[in-house]
């Protein structure tokens, strides 16, 4: 923050209130903000943040076209899961084992829904647990 004090013209009717607020500690100001939020049902959050939520909700309505397949758990039959991951990803045996051992890890990213479901089915049949995001 700069050392300069910003000069703001305060209307006469608010001068006494502003002077009192200037004398308050940060903790007192925080408590005052919470009280005002509760009393008037408002939020001190930046308006830009409040505008971002509806936009994101609107985007969620659109059909998702790309999915990520994440291995969350290797399960009891780890060898079969490693084989399935090796087949799906085209990785070498050591890399597939490292991926399975490091779960939760992404197996494939940016795939179509059908392919994501197929990958999920193969890994689950092998004994692993998968989440499609």
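Along the chain as shown, residues are numbered 1 onward.
Glycine is treated like the rest: Cβ placed from N, Cα and C.
Unlike curated records, TrEMBL annotations are generated automatically.
Pulled from TrEMBL, these are the features on record:
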- 15-60: domain 'Large ribosomal subunit protein bL12 oligomerization' (DOMAIN)
- 67-133: domain 'Large ribosomal subunit protein bL12 C-terminal' (DOMAIN)
Take the domain 'Large ribosomal subunit protein bL12 C-terminal' (67-133) and count its residues per DSSP category (helix H/G/I, strand E/B, coil), listing them in that order.
35 helix, 18 strand, 14 coil
Summarise the model confidence on the domain 'Large ribosomal subunit protein bL12 oligomerization' (15-60) as a single mean pLDDT, whole number.
73
